[in-house]
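What Swiss-Prot lists as ATP binding site is 9, 10, 11, 12, 13, 14. Residues annotated as phosphoserine in Swiss-Prot: 25. What Swiss-Prot records for 25-53 is region 'NMP', and it gives similarity to another entry as the kind of evidence. Residues or ranges marked as AMP binding site by Swiss-Prot: 26, 31.
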């Protein structure tokens, strides 16, 4: 497992694609759930970080 860490729009997905890694984005997962009616407290908004505690609770 390789973690690519960076802020929104920093190129994490681009780097994964460049080197042939599978890109699993927490933000993408939240957006998919949001489209299915599981938007949590107005998150995720573009450029905002999701609080770690909320994320851990949400995906347990």
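Glycine too: its Cβ is placed from the backbone N, Cα and C atoms.
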Which residues, in sequence order, are found in the same chain with Cβ within 8 Å of the centroid defined by the Cβ atoms of 9, 10, 11, 12, 13, 14 at the ATP site, excluding those residues themselves? 6, 15
Cα of residue 11 (ATP binding site) to Cα of residue 26 (AMP binding site), in Å and rounded, measures 15
Secondary-structure category, per DSSP, in which residue 25 (phosphoserine) falls: coil
If I take the alpha carbons of residue 14 (ATP binding site) and residue 26 (AMP binding site), what is the distance between them in whole Å? 15
Mean per-residue pLDDT in the region 'NMP' (25-53) works out to 62
What whole-number Å value do you get for the CA-CA distance of residue 26 (AMP binding site) and residue 13 (ATP binding site)? 12
